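Participant: I have a structure here, written as structure tokens, and I will follow up with some questions on it.
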């Protein structure tokens, strides 16, 4: 099945926790859309999740999606862990609350609107679209860090 939309996502954080950013590139035919944002106090994993969430939520109608991430956390979470978490009421196998469950729940809802083929791509390995997503995440991080330094949230 050929995807209607191809997405590349990335997250970045300066300090973990610290200011962070996320970036996404959405490709539909010949059209591209770039998204980025950031938070003054966050973690790298939260930014990786937010990149995928924002990209999927930006789609106006249900689509066939090929989503590329360099995050093992997102990849393993969506393929291996989420099913057990949901069965256990968002608890880990050790009966502890799932970290970032607010974002995992949001990602779960966003992905269920679409047919998503999740693809892992090696980060910082010269893949053009992954590098562009990384640059967008760093832009979001810079903007969040500047807002934090200026006293904003």
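Placement of Cβ uses the backbone N, Cα and C atoms for every residue, glycine included.
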Participant: Select one of 10, 108, 117: the residue that Swiss-Prot places in the Mg(2+) 1 site alongside 48, 70.
Facilitator: 10
Participant: To see if you understand the setup: which same-chain residues, six or more apart in sequence, place their Cβ under 8 Å from that of residue 134 (Mg(2+) 2 binding site)?
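Facilitator: Counting only residues 6 or more apart in sequence, the Cβ neighbours of residue 134 (Mg(2+) 2 binding site) under 8 Å are 10, 12, 23, 123, 124.
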Participant: Other than 10, 48, 70 themselves, what residues in this chain have Cβ atoms within 8 Å of the centroid of the Mg(2+) 1 site's Cβ atoms?
Facilitator: 9, 11, 12, 47, 51, 69, 71, 74, 123, 130, 133, 134, 137
Participant: List every residue in the same chain as residue 48 (Mg(2+) 1 binding site), at least 6 positions away in sequence, whose Cβ is under 8 Å from its Cβ.
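Facilitator: The answer is 9, 10, 11, 22, 69, 71, 73, 74.
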Participant: Let's see if you can do this one: DSSP helix, strand and coil counts over the domain 'RNase H type-1' (1-142), in that order.
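Facilitator: Split by secondary structure, the domain 'RNase H type-1' (1-142) comes out as 58 helix, 46 strand, 38 coil.
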Participant: Taking the Cβ of residue 10 (Mg(2+) 2 binding site) as the centre, count every other Cβ atom within 10 Å, in any protein chain shown.
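Facilitator: A count of 32.
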Participant: Does residue 70 (Mg(2+) 1 binding site) have same-chain partners at least 6 apart in sequence with Cβ under 8 Å from its own Cβ, and which are they?
Facilitator: 10, 120, 121, 122, 123, 124, 130
